[in-house]
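Visitor: Heads up, here are the entries from TrEMBL:
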type: BINDING; residues: Gly41, Ser42, Gly43, Lys44, Gly45, Thr46, Arg154, Gly197; note: ATP binding site
type: BINDING; residues: Arg67, Lys88, Ile89, Val90, Gly115, Phe116, Pro117, Arg118, Arg158, Arg169; note: ribonucleoside 5'-phosphate binding site
type: BINDING; residues: Asn122; note: CMP binding site
Amino acid sequence: MLRRTIASLKSSISLHITEEKDRICPKHIDSVITFVLGGPGSGKGTQCAKIVETFGFKHLSAGDLLRKEIVSDSEYGSMILDTIREGKIVPSEVTVKLILRELESGDNHKFLIDGFPRSEENRIAFEHITGSEPNFVLFFDCPEEEMVKRVLSRNQGRIDDNIDTIKKRLKVFESLNLPVIDYYAKKGKLHRINAVGTEDEIFEQVRPVFAACEKKATIT
C-alpha cells in the first residue's frame with residue numbers, strides 16, 4: 001500500500017519537474033541544506049535564529065513564506081489562507097516554488113528550511129523538483145501540552161494561533177510529519193533534539209551538529 005501511494009505521488013509530481021528544474025541554479029549542487037522539523041510551539045524558530053547568528057545560515061521558514069504570500073495578494077494568497085485556516089497542508093508544488101524562489105536569491109549557500117517538509121508528499125516533491133536531499137535534519141521533540149502552552153502564550157497575532165486550529169495542526173503534524181522523521185532517521189540524517197528546557201540549554205544540543213558540519217566543510 002505504501003509503495004503504491006508513493007509511486008502515485010511521484011507520478012503526479014513528475015508533471016512539474018521539468019519546469020521547476022529549468023529554474024534551479026547550479027550553485028545549489030554545493031549548498032548545505034538543513035530541514036528543521038518540529039510541531040507548532042516546539043521552539044524551532046527560536047533555535048533557527050541562534051543557528052543563523054552562530055553559524056551564518058540563511059533561515060527560510062516555510063510558514064513565514066506562506067504568510068508573506070497571503071499578504072502579497074498573489075494568485076496563491078487566498079488559497080493558502082483558506083488552507084491554513086482549515087488546519088490543512090498547502091499543496092507541495094506551491095510551497096516548493098516559494099522555497100526555490102528564496103534559494104535562488106543571494107549568495108549564501110547554507111540554508112535552514114524551517115517547517116518543511118511537513119509530509120511525505122512534501123518530501124518527495126522537494127527531492128524530485130530540486131534533485132537534492134538535505135544534508136541533515138533537525139527534529140525538535142516536544143510534548144504536546146508544552147507546545148500548546150507555548151503557542152497560546154506567544155500572542156503574535158497570527159491567524160492560525162487559536163485553540164481549535166492549534167489542535168488541528170498538532171493532529172496534522174502527528175499523522176503527516178512523523179513518517180518524514182522516520183524516513184530520515186532510517187537514512188541516518190536525523191538529529192533528535194530534546195526541545196524542553198531553556199533556549200540556551202536546547203541550543204547546547206544543537207551546536208555540536210553544526211560545529212561538526214563546519215569542521216567537515218573545512219576539511220573538504
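In case you wondered, yes, glycine gets a Cβ from its N, Cα and C as well.
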Visitor: By the count of other Cβ atoms within 10 Å, pick out the sparsest of the binding-site residues Lys44, Arg67, Arg154.
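Guide: Fewest other Cβ atoms within 10 Å, among the binding-site residues Lys44, Arg67, Arg154, is found for Arg154.
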Visitor: Can you name the residues of this chain that are 6 or more positions from Gly41 (ATP binding site) yet have a C-beta less than 8 Å from its C-beta?
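Guide: The answer is Cys142, Glu146, Met147, Val148, Lys149, Arg150, Val151, Arg154, Ile166.
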Visitor: Round to the nearest Å and give the CA-to-CA distance linking Thr46 (ATP binding site) with Gly115 (ribonucleoside 5'-phosphate binding site).
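Guide: Taking the Cα atoms only, Thr46 (ATP binding site) lies 12 Å from Gly115 (ribonucleoside 5'-phosphate binding site).
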Visitor: What is the nearest of the binding-site residues Ile89, Gly115, Pro117, Asn122 to Gly45 (ATP binding site), using the Cα of each?
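Guide: Closest by Cα distance to Gly45 (ATP binding site) among the binding-site residues Ile89, Gly115, Pro117, Asn122: Gly115.
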Visitor: Give the sequence-ordered list of residues that share a chain with Ile89 (ribonucleoside 5'-phosphate binding site), lie 6 or more positions from it, and have CB atoms under 8 Å from its CB.
Guide: Thr83, Arg118, Ser119, Glu121, Asn122, Val172, Leu176
Visitor: Including all protein chains shown, what's the count of other C-beta atoms within 10 A of the C-beta of Gly45 (ATP binding site)?
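Guide: Step by step: centre on the Cβ of Gly45 (ATP binding site), count other Cβ atoms within 10 Å, giving 19.
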Visitor: If we check Cα distances from Ser42 (ATP binding site), which of the binding-site residues Arg67, Gly115, Pro117 wins as closest?
Guide: Gly115
Visitor: Anything within 10 Å of Lys44 (ATP binding site)? Look among the binding-site residues Arg67, Gly115, Pro117, comparing CA atoms, and list what you find.
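Guide: Within 10 Å of Lys44 (ATP binding site): Gly115.
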Visitor: Taking only the residues the record lists as binding ATP, namely Gly41, Ser42, Gly43, Lys44, Gly45, Thr46, Arg154, Gly197, what is the largest Cα to Cα distance between any two of them, in Å to the nearest whole number?
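Guide: Farthest Cα pair among residues binding ATP: 17 Å.
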Visitor: Test of understanding: give the count of other CB atoms lying within 10 angstroms of the CB of Gly43 (ATP binding site).
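Guide: I get 21 for this one.
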